[in-house]
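Chemist: Please see the structure below; I have some questions.
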């Protein structure tokens, strides 16, 4: 046994014997209790348990509530009903989209077989569509949804009934939000019902790589099973990549590519696969305009310059994208960021009017970029249809209604939705670090009933004190009341003499203490999940302007601050092996913090 272990054992032995010989301490005087709190305590007192109405309970604020009814009765109750096939499907096998909409609104679930059936039907339908679909006007174009089901319902209220309104969605239906499955299945059911005027494109999040890294896979494992998740990923591989709207607009999730010279290049792709990390397919789903897209860098750019621009130029003996048109996309970690010159060149070559895309959160829900020189029309338009993205951005959502050659942008705000804990944890899993930490604090408090002075090695030998009426110092006091040796019962004496029990007790307490310190670290990490939500107050901290860059960052708008902190999640996630290494490093870091905490305490 190490010297530290021996010392700790001796201290625990001394503490146990001192506790055995202490007199019962007088109860400390209590402070006056607030009259209102006294009333509440009296109302809930167990003294009147026999006559108490157990169907009524008095809260701390004095309100009396019923114990057999929901307190928040204004919030619709979650339905536990799993629909039958007759309720869910029409005689022709197509799902009843109105029933599904209302069922999901009450957080209802489907059976695994029903979910698989809808996904399989949608996959078969997508597989028959070309990479580049043609959609006529009038039409309503929508951007990212990201699992915000209740906002999706609001979108249809603003945009019009899907039964009578044509829709084109630009991808990113899943991840980040807590209702990705509901969004996906409801959109798939609308596609199955209205195939002639309802279209869905693929976004960069519609792939196994991103959904495994973000929230969709965890959601599917929590709500259903791995088989349904795999079927959803298969359906993603069948989604079309782009749309030609009214023969004038290229609609795509991400942007253009140096490899995109004609629209036929899109149809030449093999899309039935996982999204690659480079190439034309990657760029269509991942590309962004550069940050300086609207800045007047091309004021002298002529139509001839645009026509003569080259997307690919010789570089070190091989062809590479022109730096005037495409630069590596450092924000995403893959694909390219394209310039105004690149967009104008593409529109000139294809004869199109503009590019409509999604992929980036916008404070107003949309952004129109610099006009083309030839037609004076916005060369690029970004749409984002997830309001208050991540419950943090405080942004508006927008959709585009296009009819009779007129564009009409409609904005809407977020809709309240049910709350889920991060990673779909239940309340017990969420609270375990807190409970573990508090339990160990209680154990430590029990051990700390004796002062350090009482446990010092130079304290009179405990064996000499047992059986005498010698005064023992009380914890936190210079004197102690005498305690007759006869107060110790034979049972207690036998326990105190059991060396193995004392050592086992000590080892258990130290082990729990170490686990508790790990819980403490994990609790801090758990709290960081809510870090972005702390930025929602909108209040500038005192002294922010005097704190340099950090203070100025805090003075930014809610949207900009949230976007800045969430920027790391806009990148292409690491591979599975890289993720395993990151998790390994994370837990090594947790244990390192625990060991550092131990070393710090030992040095005191």
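Backbone N, Cα and C define each Cβ position, glycine as well.
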Chemist: Which one, 103, 253, 417, is listed by Swiss-Prot in the same Zn(2+) site as 172, 204, 359?
Modeler: 253
Chemist: Return only the integer: C-alpha distance in Å from residue 204 (Zn(2+) binding site) to residue 172 (Fe cation binding site).
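Modeler: Rounded to the nearest whole number, the Cα-Cα distance is 7 Å.
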Chemist: Spatially, which candidate from the recorded positions 205, 253, 359 is nearest to residue 172 (Fe cation binding site), comparing Cα atoms?
Modeler: 205
Chemist: Given the recorded positions 205, 253, 359, which one's Cα is the least distant from that of residue 144 (Fe cation binding site)?
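Modeler: Checked the recorded positions 205, 253, 359; minimum Cα distance to residue 144 (Fe cation binding site) goes to 359.
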Chemist: Sequence gap of 6 or more, Cβ distance under 8 Å: name the residues on the same chain that satisfy this around residue 253 (Zn(2+) binding site), in order along the sequence.
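Modeler: When sequence neighbours closer than 6 are ignored, residue 253 (Zn(2+) binding site) has 170, 171, 172, 201, 202, 203, 204, 284, 285, 357, 358, 359 within Cβ distance under 8 Å.
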Chemist: Cβ within 8 angstroms of the Cβ centroid of 172, 204, 253, 359: which residues besides those meet this for the Zn(2+) site?
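Modeler: Those within range, site residues removed, are 144, 170, 171, 203, 205, 254, 285, 286, 358.
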Chemist: Counting only residues 6+ apart in the same chain, whose Cβ is under 8 Å from the Cβ of residue 205 (active site, proton donor)?
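Modeler: In sequence order, 146, 171, 172, 173, 174, 175, 211, 214, 216 meet the Cβ cut-off.
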Chemist: Around the Fe cation site formed by 144, 146, 172, which additional residues qualify by having Cβ within 8 Å of the site's Cβ center?
Modeler: 143, 145, 147, 171, 173, 174, 175, 176, 203, 205, 358, 384, 385, 386
